């Protein structure tokens with residue numbers, strides 16, 4: 001490495017700044033132009049103020065899209081209520097008849 005003049009500020013060291021100015025091109029070569037170009041173009045990182053996007057205005061024909069949902073009856077669960085009790089009784093009878101040892 002070449003010795004650097006200690007009186008120079010770090011941003012004025014030779015090779016610290018590119019010879020050409022930054023531009024708006026997003027090609028691969030321009031994206032790697034300098035650290036700033038790489039961060040903004042290559043990585044998409046910018047710390048500037050973000051522009052506020054305007055919301056789209058609603059079309060004049062639609063009102064507020066607040067149409068109520070029509071009430072629907074809750075589905076009734078249908079099935080044998082005694083079916084589960086019968087299966088429990090079968091399991092109990094099997095456990096009683098099976099010897100453990």
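Positions of Cβ are set from backbone N, Cα and C atoms, glycine also.
Residues annotated as compositional bias 'Basic and acidic residues' in Swiss-Prot: 85-101. Taken from Swiss-Prot, the feature ubiquitin cross-link covers 71. Positions annotated as N6-acetyllysine by Swiss-Prot: 28, 50, 51. For 52, 53, the entry in Swiss-Prot reads asymmetric dimethylarginine. Under the heading region 'Transactivation', Swiss-Prot lists 1-48. As annotated by Swiss-Prot, region 'Interaction with the host capping enzyme RNGTT' applies to 49-86.
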>> Tell me which of the recorded positions 51, 52, 71 ends up closest to residue 28 (N6-acetyllysine) in space, Cα to Cα.
In response: 51
> Between residue 53 (asymmetric dimethylarginine) and residue 71 (ubiquitin cross-link), how far is it from one CA atom to the other, in Å?
Replying inline: 37
> For the region 'Transactivation' (1-48), what's the model's average pLDDT?
Replying inline: 83
> For residue 52 (asymmetric dimethylarginine) and residue 71 (ubiquitin cross-link), what Cα-Cα distance in Å is obtained after rounding to a whole number?
Replying inline: 39
>> In whole Å, how far does the CA atom of residue 51 (N6-acetyllysine) lie from that of residue 71 (ubiquitin cross-link)?
In response: 43
> Expressed to the nearest Å, what is the distance separating residue 50 (N6-acetyllysine) and residue 71 (ubiquitin cross-link) at their Cα atoms?
Replying inline: 44
>> As a quick check of your reading of DSSP, tell me how many residues in the region 'Transactivation' (1-48) are helical, how many are strand and how many are coil.
In response: 15 helix, 0 strand, 33 coil
>> I'd like the Cβ neighbour count for residue 51 (N6-acetyllysine), meaning other Cβ atoms within 10 Å of its Cβ, all protein chains included.
In response: 6
